[in-house]
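Undergrad: Below are the features I grabbed from TrEMBL:
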- 12-34: transmembrane segment (TRANSMEM)
- 46-69: transmembrane segment (TRANSMEM)
- 90-115: transmembrane segment (TRANSMEM)
- 135-153: transmembrane segment (TRANSMEM)
- 160-179: transmembrane segment (TRANSMEM)
- 185-205: transmembrane segment (TRANSMEM)
- 225-245: transmembrane segment (TRANSMEM)
- 313-336: transmembrane segment (TRANSMEM)
- 356-375: transmembrane segment (TRANSMEM)
- 387-405: transmembrane segment (TRANSMEM)
- 441-460: transmembrane segment (TRANSMEM)
- 480-499: transmembrane segment (TRANSMEM)
Amino acid sequence: MLMSMGEKAAKSVVVIMVFTLLSKFLGFLREILIAAQFGSGMETDAFFIAMTACTIVMSVVGAAIKTTLIPVLSEVEDRLGKEKQNLFSGWLLIIILGLSMAFSILGIIFAPIIIRILGSGFEGEQFDLAVRLTRIGYPMVMFLSTNYVLHAYLNNKEHFFLPAFVGVPFNLVYIFFLLGFSQFGITGLMIAAVLGAAVQMLIQVPKSRKLGLKFRLEFPEYKPYIKKVFALMGPVIIGTMAFHVNTVVDKTLASRLAEGSISALNYAAKLNSLFLSVFVLAVVTVIFPMLSKETRKEDKNTTLEIMSSSLNTTMIVVLPVMVGIIVLAPSMIYLFFERGEFDSRATAMTARAFRFYTVGLMGFSFKDIVSRVFYSLQDTKTPMNMGIIAVVGNIILNFILIGPLGHGGLALATGLSGIIASALLLWSLRRKMGHIMGKKILRCFFKSATAALVMLPVVYFFNRWITDFLYQGRMQEFSALFSTIFIGAVVYYIVARLLKIEEVALLTQGVLAKLRGFIK
């Protein structure tokens, strides 16, 4: 797949990966600073529940906007021309802004009810704090919603730089507050979150205006396209919301567990998403238009070839990452988080959740890729239905696992729900397409799993040896961790090449080609 991409697509992948990695790194630094300044306790639990209340709906709607708006914009351009497309985009932006403003007002009014649902275990001071933070944070809904529209508009114009970059200023606002104004406490942190959302929206406006985005009230001509956007968004919203329910269920049940459980789940989930999104997001962003093009040609074999290559390419990266996290989670959490108010107890709780979340890393990766195949086939109902089934499974597993495993059981249930969702989607796709090149996928899986299993004892024993060899300290822990990661990566790569995994060879050729390009 990677070697067959055009030069422009390859450059887009590089841009997305670099800025996603930078944004995730800054987001990770943000979490480290939050942990250092506020620790893991009553205030942070209230803050994270309030953030969930403010962002959960818009993250769902945002995914739907990015999935459905781009093809509609292309249709408007084809039928009405670029000028009308720019006017339509501005009109849609006004509608989305108006709806999100109304939603923000409702959120502020009904904040106590929302917190009673999301933080069912909160009482007294913690409940009041969560309500206050939610009311402060709800205006960010307006900025987030318009950000998604601008994101889709710029991508439709084949401008990927700003949409990939906006996470950087968002996190920098947080970091600026945490380093210079943390004396304003957890309330100031929520204000920083709102300002960050505003900045990431505003930074896209000048470029959008330069490309032709206009605001003029000419509704009748665009009415069918407005309806089409919202009609297409429906199943995507429901399907995406089904997976976000996992987060709500986890945090709601965690609010009844030991203090710090919500924060441990939050930090672990953020770290887990760092590994998930950097590579998978770039692959998904590039293959979606490729899949749409091939499905319009009704070329089933090419569509399945793109999908299977995408799954295999993701698999050879994710499997060794999963093994590494299972072995090295305590060292990673200690190195990145344990400072200030974040003590050894918080490290142990977060590492436990991190390991359990990792079980679903490959499942969620596969889900994102296979879902795009269905969307390219203009089938948004199947991912929605499979998502709902997976959420039901997640809730059942929550109640089964929370007793023996506590907050770790909630993380494991979420991980298993990712596996359930991807398995259901692959099964549904096989029924729809007749076959999914399953032998090719399984062959790559067994070879990659073999290489990862060979790597496992090497990583485990080398990490124990080098940790005992070096004196204790943060710099020594840093050296031990990254030495172990390097040794593990080398072992995995050698075994993978010996097993002749095709995608590893393609990745190697792609990296070498890029390096030669930079040198020239």
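Every residue gets a Cβ built from N, Cα and C, even glycine.
Walk me through the surroundings of each of these features.
TA: Beyond the transmembrane segment (46-69), the same-chain residues lying 6 or more positions past its ends with a Cβ under 8 Å from any Cβ of the stretch are 38, 92, 96, 100, 103, 107, 111, 114-115, 118-119, 122, 126, 129-130, 133-134, 137-138, 140-141, 144-145, 147-149, 151-153, 155-156, 186, 189-190, 193, 229, 232-233, 236-237, 240-241, 244, 247-248, 251, 255, 262-263, 266, 375.
Note on the transmembrane segment (160-179): residues 12, 15-16, 18-20, 22-24, 26-27, 29-30, 33-34, 37, 147, 150-151, 154, 188-189, 191-193, 195-197, 199-201, 203-204, 207 of its chain, located 6 or more positions outside it, place their CB under 8 angstroms from a CB of the stretch.
Listed by sequence, the residues of this chain that lie at least six past the ends of the transmembrane segment (225-245) yet keep a Cβ under 8 A from its Cβ atoms are 56, 59-61, 63-65, 67-69, 72, 75-76, 88, 91-92, 95, 219, 371, 375, 380-381, 383-388, 390-391, 394, 417, 421.
Residues 67, 236, 239, 268-269, 272, 275-276, 280, 283-284, 287-288, 291, 303, 307, 310-311, 314-315, 318-319, 321-322, 325-326, 329, 382-383, 405, 408-409, 411-412, 414-423, 425-426, 428-429 of the same chain, all 6+ positions outside the transmembrane segment (356-375), place their C-beta atoms under 8 angstroms from a C-beta of that stretch.
Within the chain carrying the transmembrane segment (441-460), a Cβ under 8 angstroms from the stretch's Cβ atoms is held by residues 308, 311-312, 315-316, 319-320, 322-324, 327-328, 484, 487-488, 491-492, 495-496, 499-503, all 6 or more beyond its ends.
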Undergrad: If you count Cβ pairs under 8 Å, which stretch among 185-205, 313-336, 480-499 touches the transmembrane segment (135-153) the most?
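TA: It is 185-205 that shares the most Cβ pairs under 8 Å with the transmembrane segment (135-153).
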Undergrad: Using Cβ distances below 8 Å and needing 3 or more such pairs, separated by at least 6 in sequence, tell me whether the transmembrane segment (480-499) contacts the transmembrane segment (185-205).
TA: no
